[in-house]
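Now, the feature entries from TrEMBL:
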- 1-47: region 'Disordered' (REGION)
- 99-510: domain 'Amino acid transporter transmembrane' (DOMAIN)
- 119-146: transmembrane segment (TRANSMEM)
- 178-201: transmembrane segment (TRANSMEM)
- 248-269: transmembrane segment (TRANSMEM)
- 289-307: transmembrane segment (TRANSMEM)
- 338-359: transmembrane segment (TRANSMEM)
- 379-403: transmembrane segment (TRANSMEM)
- 424-445: transmembrane segment (TRANSMEM)
- 451-473: transmembrane segment (TRANSMEM)
- 485-510: transmembrane segment (TRANSMEM)
């Protein structure tokens, strides 16, 4: 058998010095997973699994054998446990490179957690009002932060096994078949739905940016909205040729910086301008009570959708090296904590400041639509254009990280059938295909706020429910203990909210969706 045809495996070698390091993988893209620098262990009297390999125990043994056993001790203490590796992981975008760190974790979590969904929060507040809006947003933030901690801890809950993908963890908790049925659809739907929404926002924002910059000098035949969607999709496809999740860390940093910047600019510009005269902060009332109730459920779904990103937690952690002394959950949680401090600093001011500035006059398209509709003549054109340009950069970056699990699924199916890694052309073909499928869905569904509510409802279990069930089924806390009750109650509440928010999103789409546009074309 040729070396090229043989699946890559991780080779364990025992070097000639006691400071053995973890193995590395040469991936199809030519990247190597770096070996973490091992530090000199401090002397300790605590017993370890290799304590029996001590100088006193080895004293009667000859020098060659002693050297081998000491090297083995160093390796075992560094690795901690023998991880059962899947050779196919070295071929897939999520696990192809394992040189991630806490900084990468912060960049990826910020890019996934802050984005266009924050701009829709004032729309939810228009239906909920001040009290219920702030209360719902606060509860959702604390709830999802707890479930993120749960996922980080469950990544290596079983010794010798790393759950590199959300679906793998679901299979370990719920069973092979049930785990796939429960987790695969919402995670893929969240990735594809987010990509579609990003195309809608990116294309419309590019159109508005062009009109602001060009002004009265625009040609008589500008590009249509669908053509701007196509331009944005083409840019996304070009950037999606980066091979794996670690290779887009720079894009995630750009996405995080631009999201924080434009989120701050949007609410600061809104509150600094004079509020529209007929503004009111009373929740919107629709003609019938059922319509009002479904709109409230859709608004809660928008808040749930604002905290999407947990479907990427396992994948982000999978890009980090992990040993017994340096487990991956430590840098992952350190980066996640920093990221979610910034996420709170973006989401809460946008929701509160946006609702204060526009009240129940908030357009269905969110903050950018309100800013353009009410203050396009009051704000300097250059400042307004910069805000829109930052949104475009953020959408391009977010598209990459949310599409990576779908790329990984495509390539996993290919490699499992052919038993070889994807060539550059096959990988590019998958990504072009996915980009244009998202484009066609976006053209068919040119509305956003109802889509966000439905996305929040259907994918809510991924963030709020499944992690609680997984903790009980994998960690097995004492039955009828506080931990046991707490996670079961949170999990079933998440399922109930998911059903209710999905119904609200579907109702809103059926009744209002086809009439909604993210931006109304200027006169």
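Note: Cβ is positioned from N, Cα and C throughout, glycine not excepted.
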- Item | Cβ-Cβ under 8 Å with the transmembrane segment (424-445): same-chain residues at least 6 beyond its ends | 192, 195-197, 199-200, 203, 226, 229-230, 233-234, 236-237, 240-241, 243, 403, 406-407, 410-411, 414, 451, 513
- Same chain, outside the transmembrane segment (119-146) by at least 6, Cβ under 8 Å from its Cβ: which residues? 263, 266, 281-284, 295-296, 298-300, 302-307, 310, 340, 344, 347-348, 350-352, 354-355, 358-360, 362-364, 366-368, 370, 448-449, 452, 463-464, 490
- Message: With pairs fewer than 6 apart in sequence excluded, do the transmembrane segment (248-269) and the transmembrane segment (485-510) have three or more C-beta pairs that lie under 8 Å?
- Response: no
